[in-house]
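Annotated features, as they stand in TrEMBL:
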- A:29-49: transmembrane segment (TRANSMEM)
- A:56-75: transmembrane segment (TRANSMEM)
- A:118-137: transmembrane segment (TRANSMEM)
- A:168-186: transmembrane segment (TRANSMEM)
- A:306-333: region 'Disordered' (REGION)
- A:318-330: compositional bias 'Basic and acidic residues' (COMPBIAS)
- A:479-549: domain 'Transglutaminase-like' (DOMAIN)
- A:556-610: region 'Disordered' (REGION)
- A:570-590: compositional bias 'Low complexity' (COMPBIAS)
- A:618-637: transmembrane segment (TRANSMEM)
Amino acid sequence: MITSRNIGAVAAAATLLAAAPLSAIFETWTWLVQSAIAVAVVAGVAALTRLVRAPLWGQVLGMVAALVLALTWLFPSGSELLTFLPTPATFGHFADLFTGSMQDMRSYGVEVPDTDPLLFITVLGVGGVAVLVDLLAVGLRRPALAGLPMLAIYSVPVAVYVNSVPPVPFVVGAAGYLWLLVTDNVDRVRRFGRRFTGDGRDVDVWEASPLAAAGRRLAVVGVALAVALPLAVPGMTSGLLDTLGGGTGNGTGRAGAGGSSGRIDLFASLAGQLNQSEVADLVKVTTSEPSPFYLRYAVADELRPNGFQARNPSGRPVNRDLPDPTERAGRGVQQTPYRATVEVTKSLSMSLMPVYAEPVRTDDLNSNWLYDPNQQVVFSNRENSRDRKYSFDYIRSTYTPAALRAAQPLPADHPVRRQLTATPGPVPEVEELVKSLVQGKRTDYDRVLSIYQHFSADNGFSYRLSTESGSSGQDIVNFLTNKVGYCQQYAAAMAWLVRSAGIPARVAFGFTNGSKRDGDTYTLTNLNLHAWTEVYFDGIGWVPFDATPTYGVPGSTRSAWAPDTDAVEPSSPDTGATDTSADPDASAGPTGSDNADRDTDSGLSLAGETPAEQAPVWPWWTAGLLALLALLAIPALRRLALRRRRGSRAAGAARAATPADAAPVDGGRLMVVEADANAARADAHAAWAELLDTLVDFQVRVDRTETPRATADRLVREAVSDDVAAVGAARLLGRAEERARYARDPLTGEPLVPALRAVRGALAARADRRTRLLAAVLPPSVLLRWRTALADSSGRMVALTGRARYRLLRWNPRRLLADRAAR
Amino acid sequence: MTQQTWDEVGGLLPHDEFRAASEAIVANIEQVIEGKTATVRLALAVLLAEGHLLIEDVPGVGKTKLAKALARSIDCTVRRIQFTPDLLPSDVTGVSVYNQETHDFEFRPGAVFANLVVGDEINRASPKTQSALLECMEERQVTVDGVTYQLQTPFMVIATQNPIEMEGTYPLPEAQRDRFTARIAMGYPDAGAELAMLDGHGGTDPLNELRAVSDADIVRQLIATVRQVHVADAVKQYAIDLVTATREAPDLRLGASPRATLQLLRTARAVAALEGRDYVLPDDLQALAVPVLAHRIIPTADAQLARRTTDAIVSELVHRLALPHDRQRSPYDTRPATGNGRAPYEPRRP
């Protein structure tokens, strides 16, 4: 029983550890506290039920009940008994929280704040996993399977962070899982009664079996590999997961059950922001463009029965090369490069980043920010736009009506047309209206223009913010009949109608230019949020049309290809018009001064627009190649240095040993002065070491049990027998080393260096080409020595850690307890 | 008769004279024993190392002849003991007999009172008699009736024995074997040597014509010169390593004794000197390991069952043992330092 309770506690702790990845999603740690409470309650009840020997189903029921009680206490609805006994109203509250959590998931990007619905769903999930893990690990004794529910928790950040997941929480979770496995297996082994060891001695109760060391090392290596490998593999970016996520998301309607987290209902937030009574500055944008078109951040291009929706964007990091729109330049299309700096305030927090269409280069944005070239939006799955400041270069394209008229209709099987003209089932009123509008129009542009002009004051359309929002088929019909709405209805209705006419269209979201302007800096508030229509023309791209009446939208602009249909009306829209007209005069000066005000970095970046300024890649390649070569050359250089040092030693010796130093004594034997003897010894040793290295290099066996004489004899016998000079040289080297090691007087004055050279030459002549190459480039002697040194040091390290561990184990609480129990 | 004591050896011989004297003895013996230069030199080396020699081989390969040839080449006192089962210790050491003229006990020296003692078929005598040699071989003295008599220098026991006969023999006890510096086998002569032997020994025994080419004084000088041969620390260490290896070898029940270490180095000195060197090489130790160590050690029952001879075990040890780390070695040496490969950490049992 005690061991079961142990495993139960470990299972609970492992569940909490496995929940660590959720920390990447929440802004604060409230979730952890609440999850810990729920898990603790579940584990406590599980232990209690086991104490009374309840059957397995009883344990599960008890744990589920405990989870419900914990949830009731943590998320009160006010109608509980004794604050933790749930009533039917509590469950209604739970259902609300659940629905709310779905909505919150869509409306918040990571990291999310502590909202009750999100905390509720988190605690529910972690608690549920705790129940499952306890059931699997303790009830069924299958702790390996408990990894699956734990993995389920880990999959949440994986789904949210599309391109990469922080590795540290994974390590924590994996550690928890391994802990659970280890506890279970230790328990299993202990049931054998006697514990096995690798080295034949007994193991105390407190002590880990030496056999477990291999398992621990394997586990550490496994986890490290699992973390490091995905980090090392390049190109694990958004693509695959993102399309999967987009494919499985099932709608984002109000009633929506499910839907992928992090998706934002653009229309809902737009309506919400526009209806807010208090005005907050969201964005401050400075641009070199005299009268910029709208700043945009999102696109809804998926038309479902309940309206236009945003698809999950997918793309490449924004700080790499962005697609170049100038390829599409043609007659009647004018493209001008500008530069803008955007400063997002604290009030705007979303995973999308407002930019002008179409950015070609960005500064100050890291690779967590991605650019979707189709939707032309900048987004991130990990970061947040809050408090961010960044600059970008963009190309503004303007079109003449003639150019648009010249664009050919897209072929019916073109993917863009197939995808972006889809409407969910025919709406008869719309079909009829479109038919009447496009009748007799010969080009796409004329058809679009006709639909665009339909939303004019002449046709009775007017602007009012307090309209029922929505963009579903029925909402569109209502709007077309009532002719009262705001930008959402205008943009969606026009896109719908254009699609019905067989031309790709979508709804874009962004900011108008607003009414607060200082030089060429625009301060944009929540009231400047706007939606408009974009229509696709073959060979030209996406062209914006804003059908919303200008008087309803402060700071709206119109273009040459979509003139203001209500221009005759002398009402508030003129503010926008005057703004526009005033722009050229105002911007010429301020642009310059503003450039001067910018820090040098931006100034340089501005100058760096020309392609020549782009940093060339080849120096890096060359440097890398050189570094690699240098790395490869290190062994050979080391060998050369060694040979030179030994060579100079031996040569110096030959020079020093002049006949004057040696006097013939005792019948021809030489008596050598002591200092010279030491030098001669060192020389002989150097020459011998060099000879051994040479042997290793040319793959002649070197035997540690052989004496110098035996080695020289073997060398003569096996390797250099054909070469008389080399035979003499080898014997000389052997004799010199032997005398230096074992005799009273070493040999002096012998030509050791030429002898070495002779042996080396003979060996090289005998070796095959591969051996020669290896000896020159990657000398085995050096590599061997390094390997030996590495092995030695690691061996020392193991011994040191072993001793340290033993000392630490002296204070192991388990050992102390066991000792006391034994006493 | 002057008692020459253990340490009273002659003066040093110059290199050339040493060479001439030793070569003369070897050449003289080779007149009798053809084609066994290495064995003959080893026998001489044992003499110069102040040791004793055990010649062990099958019958008829010239064991006794070698012993006699060595004895005859040196002009000194030589005694021969034929070890028979009824030989008594007093026949070896000597006995006090009652002299009726002087009315006193008088010591009559036994066979060991000579410079060279040839003990033939030593394993045929009973252990009682064999053990009579213990004291004189190691301590070079004989104690009879409480009186100790010093033996002369040089003193060398050359014993022969036949290893294949088991019945009626008494294998030498360990203590006795340990006193022999080296055990050598004669081995069969090669074809050419055997032919030369047939020619030479056809009519007369060449042993009879052998003249002494040396005498005890010269041998004493040779011994003194051998004692001066230089042994580097590394070589000493290697000798210790070798002997230690026999003590730690798993195949051996009994390793070699410290006396073995001493005699190994002494013999190595002699071998080096005979080769004209004034320093000992590890090569000498390697060559001497089997003759000097193999007869002192006892293999385990497992090794005996596996028919591993002590010779094979020792030569395998020699092939496995790395040369000692020389204090004067080059700092660039590639070979890793020797170690027993065991981790220094061994957890203490509570």
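Heads up, the Cβ atoms here are built off N, Cα and C, so glycines get one too.
A mean pLDDT of 83 is what the model gives for the domain 'Transglutaminase-like' (A:479-549). The transmembrane segment (A:29-49) makes contact with the transmembrane segment (A:118-137), as judged by at least three Cβ pairs under 8 Å among residues 6 or more apart in sequence. Sequence-distant contacts of the transmembrane segment (A:118-137), counting only residues of its own chain at least 6 positions beyond either end whose CB sits under 8 Å from a CB of the stretch, comprise 7-8, 10-12, 14-16, 18-19, 22, 26, 30-31, 34-35, 38-39, 42-43, 46, 56, 59-60, 63-64, 67, 70-71, 74-75, 94, 97-98, 101, 104-105, 108, 112, 143, 145-146, 149-150, 152-153, 156, 180, 184. When the compositional bias 'Basic and acidic residues' (A:318-330) is classified with DSSP, helix, strand and coil residues number 4 helix, 0 strand, 9 coil. Same-chain residues lying 6+ beyond the ends of the compositional bias 'Basic and acidic residues' (A:318-330) with a Cβ under 8 Å from its Cβ atoms: 358-362, 365-367, 369-371, 373, 378, 395, 397, 403, 539-541. Counting residues per DSSP class in helix, strand and coil order gives 21 helix, 31 strand, 19 coil for the domain 'Transglutaminase-like' (A:479-549).
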